[in-house]
Amino acid sequence: MNAHEVNFDGLVGPTHNYGGLSYGNVASQSNSQAVSNPKEAAKQGLAKMKALMEMGFKQGVLAPQARPDTAALRSLGFSGSDEEVIRRAAKEAMPLLAACSSASSMWTANAATVSPSADTADGRVHFTAANLNCKFHRSIEHPTTSRVLAAMFNDERYFAHHAALPAVSQFGDEGAANHTRFCKDYGDAGVEFFVFGRSAFDSRFPAPQRYPARQTLEACQAVARLHGLSEAGVVYAQQNPAVIDQGVFHNDVISVGNGEVLFHHEDAFLDTEKVLAELHDKLGRRGGRFRAICVPRDQVAVEDAVKSYLFNSQLLSKADGSMLLVVPEECRNNPRVWNYLDQLTGDDGPIREVKVFDLKQSMQNGGGPACLRLRVALQERELAAVNPGVIMSAGLYDTLVAWVDRHYRDRLSETDLADPQLLLECRTALDELTQILKLGSVYSFQLD
């Protein structure tokens, strides 16, 4: 059955800034208050999309959120016109304005969890927007995320959309950053791998002590039920709490999977042997041959994995059957990581090539190649039903670069967030973007 994995990358929004909002994300916290360059950030992301498209990979784009979010500020007691709301928030509660101005939706691995039609009970592709309950600045994203996804995947014959889980800590859900899928071919029934950091209701599971575990077992189970997944096609695993406390805030910072391969750090999971055995068994029953590539801690320490974002990479299947690992520049700058990658590609394993991208603007906020994309496996007929306006092409790339040049600033500091003109600039840009991507009205300011 002919099917493709399509990577939908998040377009970096015009308010990209370094607010240091993400406790537990080492890069985000260490670069707090630095001056950002939204124009460069957006172009770095677009360059990656274009390069992968030109290599033959299916590539799409996911629109950013409208920021500053004046509706969120109003819900917190700020009143008056939009301009007055921003000025008052800047004067009285700058951290709230920074949170409501975050461009964190660029990391579309957190947008939703996606289950392909081959896995689901009703034979449709299922989407559940992530509630991102752990962080206020991200918890306000899911209503717009749901509207954008519905505008992209709008044929009910093929696509089913679910609202985010209840916005409470017991159902904390971070989307595809804690989810991957193994399969022989993208169109075959596969095994969906859900990784959680803690259990909300079962005290037998340990929890990290320093940083919060953002994903619960109960959220994973709820998404699997919503998507109509069978027990034979699901594996749940607990991430090692010790690595969460070292800055591994999502599982895609310590492992990445694709096809029949899991590329992971030795310390990524609890009960690793049991987890790998279950993946091997369940994928085998679905016609696949599971293979784990374990990176030993004595070659790459967890600290190096977090600094370089070795595992926050894209693992892509090439036409010849081998795999390509897309990594950030920071991997090349870390001798231990780069030596390991040189050894990896020299071995007779599935990962034969490494491609490096400069994503510094995103990386300084704690997001690498994997954070920037949402993977959707689609049959040919499903791909044909996707809104064509969001599928990357040479023409769309040129249009989006020109759009960025027209609307984005090349410098943004925290004090700039207090400028009401920024709100006007962002809304003007996004109103035009919805026309470019043929999304219709998806933003609150378009619906009011």
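The backbone N, Cα and C atoms fix where each Cβ goes, and this holds for glycine too.
From a predicted model like this one, the values you see are computed outputs, not experimental measurements.
Per Swiss-Prot, substrate binding site is recorded for 19-28, ASN110, 137-138, ARG214, ASP252, ASN365, and the stated evidence type is sequence analysis. The annotation active site is assigned in Swiss-Prot to GLU174, HIS250 on the grounds of sequence analysis. Feature annotation from Swiss-Prot assigns active site, nucleophile to CYS371.
For the recorded positions shown (ARG138, HIS250), fewest C-beta neighbours within 10 angstroms: ARG138. According to its DSSP assignment, ARG138 (substrate binding site) is helical. CYS371 (active site, nucleophile) counts 27 other C-beta atoms within 10 Å of its own C-beta, drawing on all protein chains shown. According to DSSP, the residue listed as 'active site, nucleophile' is assigned to coil rather than to any helix or strand. Between the alpha carbons (Cα) of ASP252 (substrate binding site) and GLU174 (active site) lies a span of roughly 11 Å. Looking at HIS250 (active site) and GLU174 (active site), their Cα atoms lie 8 Å from each other. Less than 8 angstroms from the CB of ASN110 (substrate binding site) sit SER104, ALA130, LEU132, ARG138, GLU174, GLY175, ALA176, ALA177, HIS250, CYS371, each of them six or more residues away in the same chain.
The Cβ neighbour count for GLU174 (active site), using a 10 Å radius over every protein chain in view, is 30. In this structure, ASP252 (substrate binding site) is part of a helix by DSSP.
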